[in-house]
Amino acid sequence: MRRHPLLWKLALLQVGFCLLLTWLIYTWGLSVERSTYFLAPADRHYLADYARQAEDAWRREGAAGAERFRKELSAKEDTWVALVGPHLESLGSTPLSAEESSHLTFMRKLDWPMSRRLQDELPYVSIEFPGHPEQGRLVIQLPERLLPGGLTPWTHLVTHGIVPTLLAALLGLLLYRHLVVPLNRLRDRADALRADELESTPLAAPLAARRDELGELAQALEHMAERLRLSLAQQRLLLRTLSHELRTPLARLRIAHDSELPPEQLRQRLDREIGDMQRLLEDTLDLAWMDTERPQLPTEPVLALSVWEALRDDACFESGWDPARLPCRLGVDCRVEVHLDSLAQAMENLLRNAIRHSPEDGTVSLDGEREGDFWHLRLQDQGPGVAEDQLERIFLPYQRLDDSAGEGFGLGLAIARRAIELQGGRLWASNGKPGLCLHLWLPAAA
């Protein structure tokens, strides 16, 4: 079941954008709008000074002073004014009417936002006496000239138009960088492959390392490019090697054809040369198939001892060796999870190679032990061994050491390694004491 990480990334990005836009409009935008409804510091000081003057008049002259100041301020600002006590009673000589008392039901302080009330009525501001706030306050209907202007069309455009547009543009940029830029790189890479530019610069590591569909696509594209490079290299190597390797048997066939050998000897010579060419072609096709197709081979539990015994019988028949020279120290508990035919082919190549390089009275043995979920098998011969710097070279196709020129085509070990690796195992070599030791690392059967 696919998790669709790219879908979740895009969904999360869009949800985050919607939440940010909602916060912008309903929190930041409203906060900016509310900030335009507060009195300016100078206006606050101006009204607070009226409260100080009202307190002074009331304390000096009592109700008469409060009434006089109320009338003067009302006439000066052309607005409604009242001086009230702690219980909202009038401090002047004129009591408040019912309508005037209704103005006191919702009064605003100087640091509150100011806006028109219902029916376009100016707000009423309550300003406590600065000296003794518990004894009274000045209540004044805010003069028209002091009413804050509120949200201007330009501010509204910035908070509800320009900034959201910039956020939308930022979202588009993020989507472009997250989607379009990688797609452009993938397109350029595909165009390079279409133009046979197989050695062009591979995709950047961050793109191939992405844990989403685009990262998987980049990995698949690079895998395809690598397969194409390997296929092309193998084709070139195949053509170059076949053209070189076939020259020798063809030349020998030409010599045999032109010679005056007896018919029976000529037939044997032709059979040997044709067999060599057939073996070369079969091995080359096997190696090319494993390298290019990389098949998923079905596996089964296999008893390693049984495979060795079958190979030993064939090897003894072909080489004339005594079976005692091919001992196996594995028990019936050595069961590996492999493809039987591929393992048999690989071990046959290894055994033939070991016999070919063994001395006349030498032995080739097979032993091993289980290490965790794998079996570590060792095929040991008593031949001359291989130089340390050549231990990896012997597994390369068509590679023959100087002292083995003319023996085989250099494909046996390469085919064996490919066959083992296709089954999840490993094959490597080390020098024994004496001879060469070939190590097989195979999955253990459950």
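Cβ atoms here come from the backbone N, Cα and C positions, even for glycine.
The domain 'Histidine kinase' annotation in Swiss-Prot covers 241-446. Under the heading phosphohistidine, Swiss-Prot lists H244. Per Swiss-Prot, the feature topological domain 'Cytoplasmic' maps to 1-9, 177-446. Annotated topological domain 'Periplasmic' per Swiss-Prot: 31-155, in sequence order, evidence recorded as sequence analysis. The transmembrane segment annotation in Swiss-Prot covers 10-30, 156-176.
Sequence-distant contacts of the transmembrane segment (156-176) (same chain, at least 6 residues past either end, Cβ-Cβ under 8 Å): 10, 13-14, 17, 20-21, 24-25, 28-29, 32-33. With DSSP states grouped into helix (H, G, I), strand (E, B) and coil, the topological domain 'Periplasmic' (31-155) comes out at 59 helix, 16 strand, 50 coil.
Mean pLDDT for the topological domain 'Periplasmic' (31-155) in the predicted structure: 89.
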